[in-house]
Number of protein chains: 2
Amino acid sequence: QRLLYGAEDVGFFKEITTAPGEASTDANKHNFKEFQGNLGMAECQYIIKHELDNLRAKDEAHVPGYPKMKLYPGKSVIRRMQSKGILVQVFPLHEKEELKRLSFSWFKKIKLSFQPLDDIRHYFGEGMALYFGFLEYFTLALIPMALIGIPYYLFDWEDYDKFTVFAGFNLVWCTVILELWKRLSASLAYGWGTLSRKKAFEEPRPGFHGVLGVNPVTGRAEPLYSNAKRQLRIYLVSVPFVLLCLYLSLYVMMIYFDMEGWALMIHDEEPTFWTGLLLFIPSIIYAVVIEIMNLIYRYAAEFLTGWENHRLESTFQNHLVLKVLVFNFFNCFASLFYIAFVMQDMVLLRQSLATLLITSQILNQIMEAFLPYWLQRRRNKKAHKRMIKTMEDKELPLSEQVKLEADMSTYLGTFDDYLELFLLFGYVSLFSCVYPLAAVLVVLNNVTEVYSDAFKMCKVFKRPFSEPAANIGVWQLAFEAMSVIAVVTNCALIGMSPQVKSYFPESETQLIMWVVGFEHFLLASKFILTFVIPDVPKHIQIKLSRLEFESLEALKKRHQKEPVYKRLTYRV
Amino acid sequence: QRLLYGAEDVGFFKEITTAPGEASTDANKHNFKEFQGNLGMAECQYIIKHELDNLRAKDEAHVPGYPKMKLYPGKSVIRRMQSKGILVQVFPLHEKEELKRLSFSWFKKIKLSFQPLDDIRHYFGEGMALYFGFLEYFTLALIPMALIGIPYYLFDWEDYDKFTVFAGFNLVWCTVILELWKRLSASLAYGWGTLSRKKAFEEPRPGFHGVLGVNPVTGRAEPLYSNAKRQLRIYLVSVPFVLLCLYLSLYVMMIYFDMEGWALMIHDEEPTFWTGLLLFIPSIIYAVVIEIMNLIYRYAAEFLTGWENHRLESTFQNHLVLKVLVFNFFNCFASLFYIAFVMQDMVLLRQSLATLLITSQILNQIMEAFLPYWLQRRRNKKAHKRMIKTMEDKELPLSEQVKLEADMSTYLGTFDDYLELFLLFGYVSLFSCVYPLAAVLVVLNNVTEVYSDAFKMCKVFKRPFSEPAANIGVWQLAFEAMSVIAVVTNCALIGMSPQVKSYFPESETQLIMWVVGFEHFLLASKFILTFVIPDVPKHIQIKLSRLEFESLEALKKRHQKEPVYKRLTYRV
């Protein structure tokens, strides 16, 4: 019964017939038992999380038993307890049986079939399912590009005409796949009932602090923090910090070019096989340094954004994504831009692109899956030993499972996974006409990525809280921005190619005018395409408007039963 | 009581306490008496229109008394009667007293104050009030540009450096004013209660016809028309027709250039005052021809779009706007583009721009206000004579008023008015660095436009049906597209100026690269600005989320009173 109330509270949009369920909570750890019925596991979990967070103080001035933990009316008790360290962790437990079933259909058998997105959504929630759906879609969408790219590599086509054709295909393709993804994601979200779900009222995020005041929206007492102060922090500290980091990244890039020049000098003096290999060393070192800088910056950005003291989790996330995207884009691609447009050295560009891409892929796979797995195994072994000491039962008791899973690493959300895809998309699209093989490498990487991500979700991390989602949010925008930048870079690369230049032997001006005109044409068509392709497929649109129509009809019917004055009190 | 029901049906979003009212309808003409209470006149009128349109056939197979007029269940009776010519006109009557009051505060006294937007909205509805609000805002927003433009004219500054400054200011200004208008319009719409109004379920438009089938959304019998057929009509007839018209417009342009050359030749042979005047003749003739072509095309586009047989009024309007915008843009600005970028003759460009702008302004004022007013007066005189014959009363009886107003011209909506503003915006922004005085001319034109539009709404036309609106719709997009094109043209013009060229004496390539870079920078900043400036002002946002929060709370309270199973049947 309470689950149904909760489902209404969070705005799940579904016809529910029966949903018996039970929620067992205990003082310090909360574990959610399996629910039968129409509500998915992730949905139940989300509802319970919501209900827990909504356990609010009424008249209590402090947490019972902890006189120092002050409360004000309407403050979430759980959050205060978390922020004060009484509650160390709140997390949902893995469901062994379900997990086994999911793992089996997901990654245990290597097969050529789609991922079980509905099962993933059932277990992990819509946010996660959309990530895996996007990962799969992105991989499939790159396959045509990869197939066209392979002959370029095999036959060593250095013909720039052919590259131009490839770049043209690439640009159209990028636009089309991003638009089609919107439609696919709308279909998925419709099937999961999150497409037309209204966003629930957002609470202040856990770390938010300020002077107690009255919220102008709810009229409740709540900490407030002046917007002017936040703006000051952003513009006087965060922005300069980001600029400093960008400068640093530029500085490292210059060191890389020095090393590159030095390696080339040695190779030119006495070219042997080993000096040939040496040529790759600077790129590899640079790639490693880039990854390390990204990692450090990631933590700094999170700290800074937290310090900016945003009230809502969504604005926090937006500011974080913006900070991280700008830096990572710059850090990863600045050297390539420099080589392409300042040095205009296409051979070096291709070599550098390949090295950066491959190195970062390898590093990412190691950092993401193998390292946590290895740490996990070491931990597990210890726990296992302890467990064997205490008991011989085959079935793990709940308390032991809780202890075991509490030690697992916490999954920090899909942020890093999307970021990785975003950078890969940049490697594929920005300089596609120089290195067509990039698509092949990314496809190969993504195939393993699906498995390693699935593995890490099931085996390495604590089960994350599920989050309903209707789309991939700000990442759609990020990918679209990247595809716009890709139009500009590819047009510039095409304009710089000797073949194209030879069409305009007498006047460079005319060449540039043509390229610029072509680029404007491409950009305009991109925007028109975005408008022309509807974001929601026709059949979903019909279903949505049918829902709306039916609810309007239902409302009308109800109104005929009630007197007007009563109805008016219901509306605001 | 019925009005309140209706207000709920169409989704007015307001706290209503009491609203006594009466609706008198008769068989053939419907006239709406004044209503006291909280509902505005325009709102009452809209509700009654909605109720009339919703008088639907149940089991009748034909209109009572007219066996040939077939009906199907759910068909609006009024619409069928209109389409078959039984009902000749349905229109609301003017309200003499209200109108007198409105006219007085609006345009009778010449004063320096804002328009009475709330009164206009009360009498004509939100759509009209937003148009006048936009017209006023646009005029005010152009004043800074006009002020900066005047010294350029007075001191004959031919200095391109100064023009560059002016163009730069212009570009930023265009972006900013369009963004600020969104905020202002959101404020207005919030005050009028239309901002968060849900769109009512759209009926097929009156002219729509097709084979009777089942609507997949409502499940009702309704004429259906296959989308494939419509697409065929669009791509095989409409698109070629538009292209043909564009070609025709190009042909006329070429004739204009021939005339121009001929006039110049005569002037060069024997330069007198009269030949100097002759130089302007081709431009004036061309401007007149352009206006005539626009007018003819306007009717053709309306016919074609009607023939495409769109189901909804909104899609009809979108296709019509697209067709008309493309042609009008091309027709008005093609010659200017040709002069600017192919002939590169800045003196001719300025002269041509000025003549086109001034001629089209004069023509428009004549066509829009004076001609209908003159026709109206002639008609009124006749009616007046007839009236004096029949009666000596001072107070006009209702039936006479109906007869009188039925003869008045029908106002065809804000389309043409917005279109005119759109083209004026084009004249101001596209080539601003060549003719800074354009802004001054447009400001002067707009000031008289406010008065003539107000006059024609009150005196010349039948009172139009009001239409609730939350923003200026597709026109916002059109103006934004124009401002993007303006960035491109202005950058190109700046790049072509001798002063800028002299900065790069040795290499034209470098000049172009700089200009292109600058243009990309401007475009990027435009898009970032669009994202950064919130579309709805902060205080309105707070009010909106407060409304949402309160309705959520009210829902929760209601839920606590009702059992779960009952609530679930309410939701779909």
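Here the Cβ of each residue, glycine as well, is placed from N, Cα and C on the backbone.
Residues or ranges marked as domain 'Anoctamin transmembrane' by TrEMBL: B:120-546.
Summarising the annotation, TrEMBL assigns transmembrane segment to B:129-151 (among others).
Through the fold, the transmembrane segment (B:163-181) approaches residues 134, 137-138, 141, 144-145, 148-149, 152, 157, 429, 432-434, 436, 476, 479-480, 483, 486-487, 490, 493-494, 497, 499-500, 522, 526, 529-530, 533, 535 of its own chain, all at least 6 residues removed from its boundaries and within a Cβ separation under 8 Å. The transmembrane segment annotation in TrEMBL covers B:163-181 (among others).
Among the features that TrEMBL reports, transmembrane segment is placed at B:234-257 (among others). Using a Cβ-Cβ cut-off under 8 Å and counting only residues 6 or more beyond its ends in the same chain, the transmembrane segment (B:234-257) has close neighbours at 282-283, 285-286, 289-290, 293, 297, 300, 304-305, 307-308, 319, 323, 326-327, 330-331, 334-335, 338.
Long-range neighbours of the transmembrane segment (B:277-299) within the same chain, counting only residues 6 or more positions beyond its ends whose Cβ lies under 8 Å from a Cβ of the stretch, are 245, 248-249, 252-253, 256, 259-260, 262-264, 266-267, 324, 327-328, 331-332, 335, 351-352, 355-356, 359-360, 363-364, 367, 416. Here TrEMBL flags B:277-299 (among others) as transmembrane segment.
Annotation source TrEMBL lists transmembrane segment at B:320-341 (among others).
The transmembrane segment annotation in TrEMBL covers B:353-375 (among others).
Sequence-distant contacts of the transmembrane segment (B:421-444) (same chain, six or more residues past either end, CB-CB distance under 8 Å): 134-135, 138-139, 142-143, 145-146, 148-150, 152-153, 160, 163-164, 166-167, 170, 174, 325, 328-329, 332-333, 336, 340, 346, 349-350, 353-354, 356-358, 360-361, 475, 478-479, 482-483, 485-486, 489-490, 493-494, 497. Residues or ranges marked as transmembrane segment in TrEMBL: B:421-444 (among others).
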